[in-house]
């Protein structure tokens, strides 16, 4: 029967493995909420599901755009609506999985009225200082460029206090009362997993993928400045050694995992130790089925 769950966790937490295993065993549909898996040309840097996985599991949210095409959270809302319609029509479970918690949060809370992103030349520190002065209730990290630009864009276009504007124009979210499970890892063990995954990505051809991408597309594109690719660009330009490349990807991925862990505290989720997660979720799927 149809039901839906969300599976969250940091990068390298094993979300995709758990989701794919459940999808195969229970014929579930999977919606990927990942900001890189949407791109057709980025496979290794995105840790995209394998071709075999994509061929044997009904996936939504993967291989939708070229890296020079722009998207926002509305793309994932549309993909969710397609995935839910597909699953409902066939009475199948739906698993929402991904490390980009912002998309899931927006799907739960709802979108606010559209505004254009600011084209201001102000840097993050300058926008953040303005924000603290005008709108101290708007909680945001200083390094969150997207949300800082969005905040400034709202203020420039409406002259309203952005936190009040967002509250006033909030629309109903598409996800209601969904059970959220978070894969939990000891921090030190997760660091080791990230280090191992970085090495595997390099062994599997990350540099070759980067060479092709940088030969075809502008290196300033947002997608090509993601972790894994921006460090490859430095290596290919002769700015860092291979050892530094591996270390930088590992460090930056570990920092990302820390930010993801912090963001995921916004959700009312059930923490699952990875080693026990599959057994617990199998039981849930068996009961629901």
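Cβ coordinates are placed from backbone N, Cα and C, and glycine is handled just like the others.
In Swiss-Prot this protein carries:
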- 9, 10, 11, 12, 13, 14, 15, 16: ATP binding site (BINDING)
- 11, 12, 13, 14, 15, 16: substrate binding site (BINDING)
- 34-37: region 'Interaction with substrate tRNA' (REGION)
- 100: site 'Interaction with substrate tRNA' (SITE)
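Mapped onto this structure are the features recorded in Swiss-Prot.
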residue	record	Cβ contacts under 8 Å, 6 or more apart
9	ATP binding site	15, 99, 182, 183, 184, 185, 260, 264
10	ATP binding site	99, 183, 185, 190, 256, 257, 260, 261, 264
11	ATP binding site	47, 99, 194, 253, 256, 257, 260
12	ATP binding site	190, 193, 194, 197, 253, 257
13	ATP binding site	99, 183, 185, 190, 193, 257, 274
14	ATP binding site	183, 274, 277
16	ATP binding site	47, 49, 97
100	site 'Interaction with substrate tRNA'	33, 34, 35
DSSP state at residue 15 (ATP binding site), helix/strand/coil: helix
Cβ packing number for residue 15 (ATP binding site), 10 Å threshold: 25
Average model confidence [pLDDT] within the region 'Interaction with substrate tRNA' (34-37): 94
